[in-house]
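Annotated features in Swiss-Prot:
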- D73: active site, proton acceptor (ACT_SITE)
- D73, G74, N147, E148, R175, D177, T188, A189, Y190, S191, M192, S193: NAD(+) binding site (BINDING)
Amino acid sequence: MAQHYKTIGLIGKPNHDGASATIQTLHKYLLANEYKVIVEVSVAQSLDIKKMKTGTLTDIGEQADLAIVIGGDGYMLGAARVLACFDIGVIGVNRGNLGFLTDLSPSEIIKPLEQILSGKSRSEQRFIIEAEVYRHGKLKSSNSAVNEAVLHAGKVASMIEFEVYIDGTFMFSQRSDGLIISTPTGSTAYSMSAGGPILTPNLNALSLVPMFPHTLTSRPIVVDGNSEIKLILANDNHENLQVSCDGHVILTVMPGDEVIIKKSECSIRLIHPLDHEYFNVLRNKLSWGNKLY
């Protein structure tokens with residue numbers, strides 16, 4: 001088999017029996033076919049493999065040509081945020097629920113993987129976003145998000161008040177439970193559950209989706225993906241405010257703070273099987289109707 005990739009990184013959810021079994025299968029297969037393999041260190045501890053090379057996500061990003069992530073979309077998001085700034089392809093094996101980002105089935109993995117490893121695959125760039133919190137003009141914290149950045153109160157069902165600016169132009173002020181700023185990748189996640197639009201992955205766009213706004217006229221809006229979105233928190237908000245990045249990373253926000261959300265310079269290079277079709281994924285995952293005839 002011709003080798004399109006030379007070094008493969010294996011990443012999986014630690015202490016997950018299904019993920020561990022898949023990683024052990026892949027590790028054995030890849031070594032037998034003379035690939036170099038790096039196993040992410042946190043999952044390596046739960047594997048029954050005597051000799052293996054291990055490394056952090058950063059090590060895999062720096063040394064590998066392809067990363068195979070075994071888990072659900074949530075674990076894929078965590079790995080992708082780190083790997084986005086490296087020149088590495090990423091493909092997922094679904095060990096979760098819906099699996100919008102994880103193409104391969106663990107029960108039928110070797111045949112499609114052979115095709116991918118020989119270069120018979122599709123490559124797709126997905127942009128990510130950066131969220132930055134400023135206090136009195138100084139950067140206090142920042143992080144990236146593959147799916148969405150969400151401004152919200154720290155406690156459930158608590159309204160907050162803020163202003164929204166697009167490229168420095170005032171758009172609106174709002175009292176609501178928060179605001180979701182979603183990428184096209186995230187448009188089938190939290191944003192969709194909140195009534196936001198589905199954006200096809202090739203769009204250079206961001207959607208702003210209000211969370212339970214205290215008005216009947218507030219609706220989601222789609223803006224250019226190169227826009228800089230600025231949220232200014234009202235001074236009379238309660239102190240317990242947050243920005244969540246993909247639901248994993250929490251940035252603390254105080255009344256009067258400014259939150260800047262914009263496209264990152266990094267992007268994810270997703271690798272898909274040749275027969276991958278985005279609308280087919282939507283149809284299967286969301287139980288849409290098939291062709292009539």
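Glycine is no exception: its Cβ is also placed from the backbone N, Cα and C atoms.
Shown on the structure are the features that Swiss-Prot records.
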residue	record	contacts (Cβ under 8 Å, 6+ apart)
D73	active site, proton acceptor	G92, G96, N97, L98, G99, F100, L101, T102, A189
N147	NAD(+) binding site	L77, S182, T183, T185, G186, A189, Y190, S191, D246, G247
R175	NAD(+) binding site	M159, I160, E161, P213, H214, T215
T188	NAD(+) binding site	F100, I198, L282, K285, L286
M192	NAD(+) binding site	I198
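Counting every protein chain shown, the number of other Cβ atoms lying within 10 Å of the Cβ of Y190 (NAD(+) binding site) is 19. When every Cα pair among D73, G74, N147, E148, R175, D177, T188, A189, Y190, S191, M192, S193 is compared, the largest distance found for this NAD(+) site is 31 Å.
DSSP classifies R175 (NAD(+) binding site) as strand under the three-state reduction.
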